[in-house]
Structure formats: structure tokens, C-alpha cells
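Record features (TrEMBL):
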type    : residues           : note
BINDING : W7, K11, D51, D179 : S-adenosyl-L-methionine binding site
Amino acid sequence: MNTVLKWVGGKQGVMAQLKLALPKGTRLIEPFCGSGAVMMNTAYSSYVLADINADVINTYDTIRNAAENVIAALTELYETCRTREHYDAIRKEFNARTADSVRMAAMFIYMNRHGYRGLCRYNKRKGEFNVPWGDYRKPYLPEKEIRYMADRLVHADLLCAGFEETLKLAGEGDVVYCDPPYVNPGKFTGYHASGFTEAQQRALVDILNTLPEKGVHVVASSHDAENIRQMYTGFTVKGFSAPRSVYNGTGEGKQAKEIIAIRQAVSSGKTSA
């Protein structure tokens, strides 16, 4: 199933590789849930979906609780806001953060689908969403995806938190999947106003290294770079080419080199599905 949000680095195009790495289990914990592609395309009994981006989590929470209202509000935006000027006005209203939760969710999806290259980016000074108009001929309205996500989210706990807090929830029999933002110089890291640094990436790996002894199976994705491979020493690391669905239309960025890093749980004895 496609996702509600377009997402740079989204995992929808590599689910075949991920499913080979993700084991059977009852609960999947995602500290960087992003577009929710893994939840949308797996069948765990329950999920913990976390992200430090409050707009992502609030949008998903509103979809879960009021999917039809979100669809109605989004449809109205698609029908009445078709120009750059309309988009800029919606972005200004969104950044004022005075609208109710349904309109905020609808505006967030609208901007994601109408904004340049499907980016989710904020300025550091004010934390305002600052992606410009994308000038697409006919942006897709993800109505069926919203309904499907609402059904799937019944099985999920949503958490607006960083990876440190989220990973404290992991225990015996859980599966953790981490897909943190890029940390290489020149790569996009603006999913949240505070960004994501190499030091944070190292801190994440340090925590992941402690989880197998607690009976937690760990799977992580990242771009394929020597410094990243070194961080994942002790993991089984596999490289592959990942399609990129969000790019500028010239062909640039259609493929990216990525890795999957795996550490089996020590005490659970679970095998890959």
C-alpha cells in the first residue's frame, strides 16, 4: 500500500529487502516512523510509531481519530487552493498553528503533496515549515491511503519523542526498526528544526547495541557510506540500491546506495521472515 505522505528516503520501494530482514514478532517499534511505510506494509500485532516531528505524529493521530473529516478538509483544499498564492497562504496559516487538528492535518498533507519535491523541511530560527510551491500539474489526493492508514493505526501507539525515549520501551520479543535521517554533509537533514547530527547517529547505534541482550531484534537502515558502516561494526550489514520516489524530474536521485544493518536478539531465538 502506498503512503499518505511523500517522503524523502521513504521505505516503500525497498519493502522486499526489509521484509527479508524483519523477523516475525508481536510488536514493531519505529523511532523514526516518517511516512509510515513499514507499518503500512507489514502485519505485526501492534506497533509503536514515534517521530520527533510533531506534525507527523499529530497528522497520524488525527487520521486515526477522524479520517473522514481529514479527507473532506483535504478535498476542499485540493479543489480551492491550486496556485502558488494559495499554497503560500496555506503555509502561512499552518505556521500560525491556530487551526484545529483536522485542518492542521489536512494542510500538512496538502503541503506535502503540493510542495517542492515532497520535502518536509523547517527553518532553524523559528521552526517554520518552509518548503516552496512545487508546481505540479495534478497532485494525487491520497484518499484510499488515509482510510487504510486509519485502519492500521488502530494497532499502533503514537509517540512524539526522540529515539532515546522511544527505545527505552523495547523489551523481550520486540522488533526495533530504525531509519534515521542522513548525516552526510550535503545530504538533506531538515525533517525537524533541530536537524540530525553524526553524534546523534553514533548515540543511536550505541543504544541499538544494548538491545539484543534484552531479547530485542534490531534492524536499521542508512545510506551507504564508510563512516556509517564503521558505526555498525558488529552488525550484519548488507548493501543495496534503493529507488527514490521524490526527485526533481530530471532523473537525478532515482537510485541511492543504502544499507540494512541487522543484529539478532540474543535470548528470543526468533528467525527472519
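Note that the numbers count up from 1, one per residue, in the order the chain is shown.
Placed from the backbone N, Cα and C atoms, the Cβ positions cover glycine too.
Curation plays no part in TrEMBL annotations; they are all automatic predictions.
Taking a C-beta cut-off of under 8 Å and a sequence gap of six or more, D179 (S-adenosyl-L-methionine binding site) has these contacts in its own chain: G9, K11, E30, F32, G34, V38, A220, S221, S222. Take the CB of W7 (S-adenosyl-L-methionine binding site) and look out to 10 A: across all protein chains shown you find 21 other CB atoms. The record gives W7, K11, D51, D179 for S-adenosyl-L-methionine. Within 8 Å of the mean position of their Cβ atoms, the other Cβ atoms in that chain belong to G9, G10, E30, F32, C33, G34, S35, G36, A37, V38.
Cβ contacts within 10 Å of K11 (S-adenosyl-L-methionine binding site), excluding its own Cβ and spanning all protein chains shown: 22. Around D51 (S-adenosyl-L-methionine binding site), the same-chain residues six or more apart in sequence whose CB sits under 8 Å from its CB are P31, F32, C33, G34, I57, C160, listed in sequence order.
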